[in-house]
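Feature annotation from TrEMBL assigns transmembrane segment to B:36-56, B:86-106, B:127-144, B:150-170, B:191-212, B:245-266, B:278-302, B:308-330, B:337-358, B:406-429, B:441-463, B:484-503 (among others). What TrEMBL records for B:144-454 is domain 'NADH:quinone oxidoreductase/Mrp antiporter transmembrane'.
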Amino acid sequence: MSADPSIQAASGVHTLWTHAAEAPSIEFLQLSPALIVLGAAVVAVLVEAFAPRSARYALQVGLSALALAGALAAVIGLAAGGWATEKAAVIGIGSLALDGPALFLQGVILAVGLVSVGTFAERRLEPVAHGARVDSFAAQPAAVPGGPGEREAIKAGWTTTEIFPLLLFAVGGMLLFPAANDLLTLFIALEVFSLPLYLLCALSRRRRLLSQEAAVKYFLLGAFSSAFLIFGIALLYGYAGTVSYAGIAAVVDGSVENPSPALAAAMGNDALLLVGAALVLMGLLFKVGAVPFHMWTPDVYQGAPTPVTGFMAAATKVAAFGALLRLLYVVLPGLSWDWRPVLWGVAILSMVVGAIVAITQTDVKRLLAYSSIAHAGFILAGVVAVNPQGISSVLFYLLAYSFVTLGAFAVVTLVRDAGGEATHLSKWAGLGRRSPLVAAVFAIFLLAFAGIPLTSGFVGKFAVFKAAAEGGAGVLVVVGVLSSAVAAFFYLRVIVLMFFSEPAAEGPTVAIPSVLTKATIGIAVAATLLLGVLPQYFLDLATQAGVFVR
Amino acid sequence: MADTSFPLLTATAVLPALGAVATAAVPAARRDAAKWLALVVSLGTLALAAWIALAFDPGGARYQLTESRSWIADFGVRYELGVDGIGVAMIGLTALLIPFIIAAGWHDADPLEDASPNRRWRPTQGFFALILMVEAMVIISFAATDVFLFYIFFEAMLIPMYFLIGGFGDRAHSAGEAEGAKQRSYAAVKFLLYNLVGGLVMLAAVIGLYVVTADQLGQGTFSMQQIAEARAAGELTMATNIERLLFLGFFLAFAIKAPLWPLHTWLPNAMGESTAPVAVLITAVVDKVGTFAMLRFCLGLFPEASAWATPAVIALALVSIIYGALLAIGQRDIKRLVAYASISHFGFIVLGIFAMTSQGQGGATLYMVFHGLSTAALMLVAGFLISRRGSRLISDYGGVQKVAPVLAGTFLVGGLATLSLPGLAPFISEFLVLVGTFSRYPAAGIVATVGIVLAAVYVLLLYQRTMTGPVDKPEIERLPDLRPRELAVVAPLIALLIFLGLFPKPLTDIVNPAVEHTLSDVRKTDPEPALPEVEAAK
């Protein structure tokens, strides 16, 4: 890195532009996780263009798995090399941070992505269509639902292998999102992972209209939130004269030496800062799915193909909370007296609304969507702690939560009837008698969501509440445990339904998946129990990783 | 403090846990093998518990057989086990009752017909595995000297209990099969929600405890020993209002579990809808964790707050005693009657604990053990009776003693133990509780005494309505007497009730030093006898 971006900030223009004549030094090694994933995504697009249709599936699955595993190995290598702690640095000409939280969350996102490749590639759940095994994605997304084009595509046994490059692009964007160290990188990373997700949501093989509706809703609301975000970025730039995190933080603190006259004039303008910060927060809280920016969650979770829902629910949350943490802890710590009360309110609202509205849900995917809203509230309780424990507890919670979520949605893909997945809760009655194992596994995930001891959910919940209590947010803890009690009610309702209700006569069957989904569920169960019984190693990891580079 | 010798307490908890896994893994067709396996495991656990009792030196250190390992260092949580005399008594009670519960529930989970939709559906194996799992968790709770460790198992045991209540009910339900399933499910959910809410409020208090200790000691801790030492050294002082709030958080959870009026309403549902052995498991074993935890954690961690709350707690305990007994008199359902009787008895236990006298707390500890035994005897015989007739309603019975004299006789002994007849074990504990209460709170002692009279009413009325009178119902005429298996369950319990009634010394020797320790936690000494009459009563 040639110069500290915060000093260049005064000129108001990014270093890359003012020093275009010099070749910028790029730390390829340190950037390797994102480079591997995005490079593989580009190769995957080429595979779509040039490989014969019959070879694409194997190529894409292999390429995606390899790329994600390679990137995960790179992340682990970087962390082992000390980049998470003592060597933490700002890289990529000031645009990205390479530090503990970034590497930890990138590791989680890559693990989630890797496991999701399994559920994306699953081809044993859908009935064989005209002799071809197919996955949960539309045969030809461009065809009109129910139209002749679609029938032709199904007849030809086509599948949408484009999901794999889309997945890779999404993962690539998510890797950059929590590591973004200036607002423009933040915005670009957001768009890089959001656009593939909008598309993926629309690709369901069954109930395509619902799926497309979900995608349109997600896209429209997502576009709104992006607009808020970019507007907020503009205001913050107007306020600080820079988009770099460290630069803005310095202006917020008032610790800039010799500000330029233009900057000095703007610096007193707190309105720009407050409105800008609020708009940026809004954009991030939308991605997190916190009340009152949660409206999209149930529809999108329900309409999207379930493998996508699982991936999105787990990975988006990880990436968005990572970005939120960095923004609040690196850019706006000087403003914490202003944003803490707001986030208090958002956290309380999310916990309470998520838990209470979930009670009335009758669709298992919508139920999990509202539960994810409540969980966003729990995580926010850790975020507002504003202490080191807050960071590490949020990191741990995200790790624990993402695997439970992946596992739960993977189980949802298994319970099927003639119309595809049987997501209406009434269909799940008596599942425990038909398929004790599947029901037991789902019960484990539900108990983890409910935060019952000996599961990862409990340790995570304890960690965030402990951090919140230490940060002086005792009220938040009390609201948290009370809404946990409400939330426990609807998780247990599902367990009651599965185990104590008589099976419906025309109940769904449980499809026997291939090794891909089995592995996904197995990993998720193992992670849930391991993080619940022996969490110390991962808590240590999260504690070590809990320091942001500034 | 790390002990390198054989981890006896861990072994006592791990054995039933492993047994539970093994039992659950028995193939569906080998049902009987699963039952025998569960019984053997529970007897092995009983042997280990007996070993604990023998290895325990009443005159020795407060906590013995200690184990201490690092567990979740980030939260200051250690895997710390250790028992005092009270813990030994409670582990002994648990290990003793489980074999009886298993033997009594031998056929409770047999599938009606082998038309199960899936070969993996193994209710019988599940039933016994869940019982063993509860046993393991209860034993860890009794042995834990780390608050967090205790909390984990205190909460986790709700899940197997929930499945036991909701998944297994009486064969014939008086309101029909579908309605029975609905009520069972309702009872299970009610049980879980009550206890979960209590547990979650306690979680907030547990976190609060961490914050307080982290604030003052530098590193948060949940170790009872560490907290006690820091307190003794004056390094840890809790602000009055914080201590009170934390106390309330803990107490609420324990009062729901115990259960204390007005948080008791889940118990009649849970006991009424579950099978008799599971009802015994609830009231005689699992609920004892609540009263035990009041003694160990409420008094041990928050002595000042405990003293502050004593008048209110005593009032609640008195209401429980009278209210439980009155409602027991009014019950038409045998199991619900026993449940309300238990609420009354839990009132006595809590009264004894919060009387803060050595007789009171010693009596309360004995009460926990003896109530476990007497309720087990009464409830299991009642369960045998109900399984014969297929009805829980008292009005469906009458004159049973003419056709099934042994059943009626054992039922009577169980009932007399419940009403604390002198000569049977519960008399001693109830007497001690009353004496202990009277020496500090004479008025409370007098009110509690009314509970004894009411106990006689509900027990004798129950006996009279079900066992005596003419045999005017055809179903009763064909009622078979106790079978050998059933007799093998009841006879040892009755023998124990009589033996401990006449010779309670082995138990009191173990319990008393621990009670002295607990009293010193709250810095209370027995009041000087003020009146000669009180002295004479002792």
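The chain as shown is numbered from 1 upward.
In case you wondered, yes, glycine gets a Cβ from its N, Cα and C as well.
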Tertiary contacts of the transmembrane segment (B:484-503), as residues 6+ beyond its ends and Cβ separation under 8 Å: 96, 100, 103-104, 106, 369-370, 373-374, 376-377, 380-381, 384, 406, 410, 413-414, 417, 422-428
Contact set, same chain, for the transmembrane segment (B:245-266): CB under 8 Å, 6 or more residues outside the stretch: 154, 187, 190-191, 193-195, 197-199, 201-202, 204-206, 208-209, 212, 238, 286-287, 289-291, 293-294, 297-298, 301-302, 305-306, 308-309, 313, 316-317, 319-320, 323-324, 343, 346-347, 349-350
Intrachain neighbours beyond the transmembrane segment (B:441-463), with Cβ under 8 angstroms and 6 or more residues off its ends: 314, 317-318, 321-322, 325-326, 328-329, 331, 334, 337, 340-341, 344, 347-348, 351, 355, 394, 411-412, 415-416, 418-420, 430, 433-435
Criterion met for the transmembrane segment (B:308-330) and the transmembrane segment (B:337-358) (at least three Cβ pairs under 8 Å): yes
Spatial neighbours of the transmembrane segment (B:86-106) far in sequence, C-beta under 8 Å, 6+ residues away: 12, 16, 35, 38-39, 42-43, 45-46, 48-50, 52-53, 56, 127-128, 131-132, 135, 138-139, 142-143, 275-278, 280-281, 284-285, 288, 292, 295-296, 365-366, 368-369, 372-373, 376, 380, 383-384, 485-486, 488-489, 492-493, 496, 507, 510-511, 514-515, 518
